[in-house]
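Heads up, the thing below is written out as structure tokens.
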Amino acid sequence: MVPPILINLLSGLSVRLLVFFLLVLLVFFLPRLLPGDPVAIFLSSDLSRDLSGSEAEELRSQFGVAGGWLQQLGEYLSNLVVGDLGYSVPHAAPVSQLLKAAIPWTLLLIACAAPLFLIAGAAGGIEAGKAPGALFDRVATGTVTVIASIPPFTAAVLLLLAFGILWPVLPAGGAEPLFPSDNPLQRDFDVARHAVLPVLALSLHEVSRFYFLARGEAITLSQRPFIINACGRGIKGWRLRTAYYGRSLFPVFLARMSDSLTGLFGAVLFVEIVFSYPGTGHLIYNAILDRDYVLLQGAVIVMAGLVLLLNWIIDAVATSLARRG
Amino acid sequence: MLGYWSPVTQSAGFVSKGALAASVILMMAGFTLSESLPAYKTSPDVLHPPSAEYWLGTNGIGQDVFIGLVRAAPITIFLALVTATVALALALAASSLAAFGGPAVRGAVLRVVDVLQVIPSILLLLLLAAWIQPGFLGLVVLLALTGWHEDVRVALPILLRELTRENVHFARRMGASRTYCLRHHILPAIWPAIVGLFLQNVRQAALKSAGFGFLGLTDPRLLTWGSMMQDAMEHLYTDAWAWLLLPPAGALSLFLIGILIIGEGYSQSGGLTGKEQYDPG
């Protein structure tokens, strides 16, 4: 008997592989459908203007835009398979190397923020949904409503202003001091200090999603017999909240997480830009500003792959859990 | 349960029509008012703090923040409303197609929705926006095309539920035409959900378009609250952030809270349940 999670993993894989392939095609063709090519854009910028025809032709092949479309696509795909995403001229480094340096920072932010907003959202939502209309519910729901209405970048900027500039207790940007300490313990401490504000901003943005979900679920759960029974038996406090409400919330939370991964990665992007955090969002934004399309394409493909991968795993776990009931 | 014109749906329909009329009037008033205001032009008074002359100060190129705020208001709100309408229309068309088109079509529509759900649309939007610097129309098209699929997941089950109700079967058996059933039985029943979805779309569109403005990826001529916030980013280390950032951010937040509160009223009057709502970008 094959474990059900394996079946879910396999069935989800084909769709995502297809989506990923379509995305790669889209990323490949979009720039080619639009007027101008990377070389023309490159030349129209202030880097260099007078190139001879042969030099421009050489640049074209370097950018992968020489020859017919089919030939370009074949070359692009074969490069992609071996992990060659092209060369970023403004950074003077291969795109894959830049991404390798940036992705851990983004994942660090997400890994630190996820437990924070999941637990805060669940705890607050359960507490509010247990007694809808009570004082806690009104205060918490009101607060979360306001938080949900502040655009993510505004919340990030306000945090940056409050704790980074007006009352500078925490570093306002970057992921490490300019000269990282040699002492590994000190270095970890510095990294943690730099991550506090971005993680907080990210959690603040995501918490409302899970708060309202938990609250809605808790309201329904409160009417379910097993909870009424548990309350009647005198189970309360911590045990009621975790073992009874919390455990029942798990599948719903997972399902919502797989749905909202795109939103999470979008929010990380804004947070990284505001805090100049050297993750992928910052990299992508700078690629846009520098009109570094090779880097932009590579980053979009890799990040899309990452989102699809995470979504695939979470989805498979969620489906298995939902089937268990 | 023959009469679907229950007081709840009736009042929801009435309120939504009222809100629609009110927003149209406000929008017209906004556009005329902003036209009658002095132009949002550069001046030598750069980064002037709020004063009697410049109520909310000026930005880095001497533009009056207050005038910008008022001029951007109808554009920002109109952009959100139009995007929400287009996305909802797409979603309803796809849902109807899925509901009436038989199992094969339904499967195809659901598959497309699934695929769109896992596509990291923000990345594609960034890629596109970097290339074309969308203006008003461009933003509407981009945001609507990447936002409609979430509505289908809510609208389709509701539509299917209402289509198979006994009142519809009964009316059909009594000789009512399809259009009659649609207008008198199905539409009134799903109307609150449609309004709820619309309000949710407005929030999403406002948040996303503000995000693009904030990143400076929209057409520089398109003045929105989001693009005004972009002005503040260079001045975080001076005092100017207070009058550059807070007015547009506050206006946008107030608008979003307002939409949320209206939406809450609907969800209580029989629209969506709490779980389907409140999904910020």
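Placed from the backbone N, Cα and C atoms, the Cβ positions cover glycine too.
Among residues of the same chain six or more beyond the transmembrane segment (A:6-30), those with a C-beta under 8 A of the stretch's C-beta atoms are 72-73, 76-77, 80, 297, 300-301, 304-305, 308-309, 311-313, 315-316, 319-320. The transmembrane segment annotation in TrEMBL covers A:6-30 (among others).
Residues or ranges marked as domain 'ABC transmembrane type-1' by TrEMBL: A:103-314.
Under the heading transmembrane segment, TrEMBL lists A:105-126 (among others). A Cβ distance under 8 Å defines the sequence-distant neighbours of the transmembrane segment (A:105-126), meaning residues of its chain 6+ beyond its ends; these are 140, 144, 175, 191, 195, 198-199, 202-204, 206-218, 241, 245-246, 249, 253, 257, 264, 268, 271-272, 277-281.
What TrEMBL lists as transmembrane segment is A:146-170 (among others).
The list of residues near the transmembrane segment (A:264-288) in space but at least 6 beyond its ends in sequence, with Cβ under 8 angstroms from a Cβ of it, reads 88, 98-99, 101-103, 105-106, 108-110, 152-153, 156-157, 160, 172-175, 194, 197-198, 201-202, 205-206, 295-296, 299-300, 302-303, 307. Residues or ranges marked as transmembrane segment by TrEMBL: A:264-288 (among others).
What TrEMBL lists as transmembrane segment is A:294-314 (among others).
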